[in-house]
């Protein structure tokens, strides 16, 4: 049974007199900085001189420093830039400014778990991982609700790392919803598996395969799009609201019966075995090594695969059909 912490389990007094240096001002960074500040915590933002986020952070009222200046100022240093750049930022800007008693904070365990970043033993290392995009974390904080989060401690040099991490989570508003205790290992491996097998890799390729199957059988691409992609949101919303049981309760009996008899034919033993292999690649660090090598080589395969999928026929069909839906906000992807 999971250990879950709430407002009464966390004390913002553990952040009193401390400065949080938020390094990065993207999806998570802006929300962490604003929520902590609005909870009464002293916050500075660390961004490189050429960062496009500097003006945004300044307009939000923050003192913006270089990453190294912010790391020097911070008692708690939050590493909220993308995984693949964290090691470089740590070595160049953070490691030289670490002192006994400081706490290094993460929102994802990748670089600690896979040994990309190895902090000295006299600093605390913790993680608070809100389970939502940053804009939702911020919006729900403003509404006084909060989103669930995970909390973990990797090093407890001070003897207070857990209390400080829970205070940080409370400053984000997460203890209003509940904060689940975990480890860096568990968070990293389950997060990567979820992305690869279900949320991103699994769903996107299932959609494309369903679309291709219908179109190859002679059905109109527009109709195929609605059946395998557009209606997915309706189903996911039902699952999100009440679990698989609520989705099955809400759909037609025909759809529910098809779920039971045909679902196991799609997600069969071969697929489950493949999932186990994906998990093994994550657990052994094989995937991490592959992703690190891809970045060090300049991402040639990553960019090639991105372009290939952008050219999939489902994208052109989707662009045309979404133009028929004026209630949707137009989303432009930077080139």
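Note that the numbers count up from 1, one per residue, in the order the chain is shown.
Glycine is no exception: its Cβ is also placed from the backbone N, Cα and C atoms.
These figures come from a predicted structure and were not determined experimentally.
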Next item on the list: From 115, 134, 144, 146, grab the residue that Swiss-Prot records in the same NADP(+) site as 25, 26, 27, 28, 51, 53, 83, 84, 85, 86.
Entry: 134
Next item on the list: Kindly assign residue 27 (NADP(+) binding site) to one of the three DSSP-derived states: helix, strand or coil.
Entry: helix
Next item on the list: Go through 83, 227, our binding-site residues, and report the one whose Cβ sees the most other Cβ atoms within 10 Å.
Entry: 83
Next item on the list: Going by Cα-Cα distance, pick out whichever of the recorded positions 108, 195, 227, 231 is nearest to residue 51 (NADP(+) binding site).
Entry: 108
Check: By a simple count of other Cβ atoms within 10 Å, which of 27, 51, 252, the binding-site residues in the record, is least packed?
Finding: 252
Note to self: Suppose we draw a 10 Å sphere around the Cβ of residue 195 (Mg(2+) 1 binding site). How many other Cβ atoms does it contain, all chains included?
What the structure shows: 13
